[in-house]
Amino acid sequence: MSLAPSSYPSLYSSPSLPRTQQTKQNPSLITQSSFISAKSLFLSSNSASLCNTHVAKRRNLALKASETESSAKAEAGGDGEEEEKYETYEIEVEQPYGLKFRKGRDGGTYIDAILPGGSADKTGKFTVGDRVIATSAVFGTEIWPAAEYGRTMYTIRQRIGPLLMQMEKRNGKAEDTGELTEKEIIRAERNAGYISSRLREIQMQNYLKKKEQKAQREKDLREGLQFSKNGKYEEALERFESVLGSKPTPEEASVASYNVACCYSKLNQVQAGLSALEEALKSGYEDFKRIRSDPDLETLRKSKDFDPLLKQFDESFINESAINAIKSLFGFNKK
């Protein structure tokens, strides 16, 4: 409750009535004065009752308006517009998890794809669109609530041992993507009353959203590179992972994944680094000379799995191997 300002003294106290000296008066005048006072009281009483009547009317109107709003809300709720409650489940997966994730409009982490034959696929529990609500910590048995996308992906990639995941089952509904869903479009059209202009508005919203996401990806990439340059690899990973979760172009995905691999290499996280490097190669990264000479990847190059990984994608190496095989077949390599 707020206090009334001091400029309104009537809200604080009533002014005292003026004092008059008692004088001898004509009885008739006294009676008349008394009559006027009684009349004034009568009028005050009537006006009070009138005020109460108006207040009662206003209350009735307010109640009717409230009932109308309630009925309107009930009708609106009949279309299934109420916030939906989702089932949760908990499951443990082994590496390779066989899951791809994306960043939702709310900054959360959602399943974007389930790779056939992976640990997640074998459980039969996951569906595309399910939301991550908690995961195992990097070490031990502690459970960490899912933070924003970059931090959650950092935890998942760094996890040593089986990964326990607490999920929110969305039943295949991917409603938190960057664009308006079909359900949202239909709802918007119904509320707008005229479809054509609303559709144009939705298309414009989607265009602006894509433009905004692209600008954000570029910003995250620049900040990630700066963090990496300053040796702040964990902060850099959050930015690069955010790029990867925001529907990047193949070129953006390849560059971001390559930098993720470099960061994990500097943090001596070999398996996570090799996984990110594989994603970079699958996204079209082809600077194999740089991969074999970049000092940031030195730790990964020491791994026995490094060369076999590159040989899967390096066509120049494949062609060289094919030529050597042919030479051996026809005896050209014999001295």
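For all residues, glycine too, the Cβ spot is worked out from N, Cα and C.
Record features, source Swiss-Prot:
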{"type": "COMPBIAS", "residues": "1-18", "note": "compositional bias 'Low complexity'"}
{"type": "COMPBIAS", "residues": "19-29", "note": "compositional bias 'Polar residues'"}
{"type": "COMPBIAS", "residues": "78-88", "note": "compositional bias 'Acidic residues'"}
{"type": "DOMAIN", "residues": "97-136", "note": "domain 'PDZ'"}
{"type": "REGION", "residues": "1-29", "note": "region 'Disordered'"}
{"type": "REGION", "residues": "66-88", "note": "region 'Disordered'"}
{"type": "REPEAT", "residues": "217-250", "note": "repeat 'TPR 1'"}
{"type": "REPEAT", "residues": "254-287", "note": "repeat 'TPR 2'"}
{"type": "REPEAT", "residues": "289-323", "note": "repeat 'TPR 3'"}
{"type": "TRANSIT", "residues": "1-73", "note": "transit peptide"}
Item checked: Beyond the flanks of the repeat 'TPR 1' (217-250) by at least 6 residues, Cβ under 8 Å -> 101-103, 109, 148-151, 153-154, 157, 177-178, 256-257, 259-260, 262-264, 266-267, 279, 283-284
Checklist line | Residue distribution over DSSP helix, strand and coil in the repeat 'TPR 1' (217-250) | finding: 26 helix, 0 strand, 8 coil
Item checked: Tally of residues which DSSP labels helix, strand or coil - the domain 'PDZ' (97-136) -> 5 helix, 17 strand, 18 coil
Notebook entry, point to check: Which residue counts does DSSP give the repeat 'TPR 2' (254-287) for helix, strand and coil?
Noted result: 26 helix, 0 strand, 8 coil
Next item on the list: Determine the mean pLDDT over the domain 'PDZ' (97-136), rounding to the nearest whole number.
Entry: 91
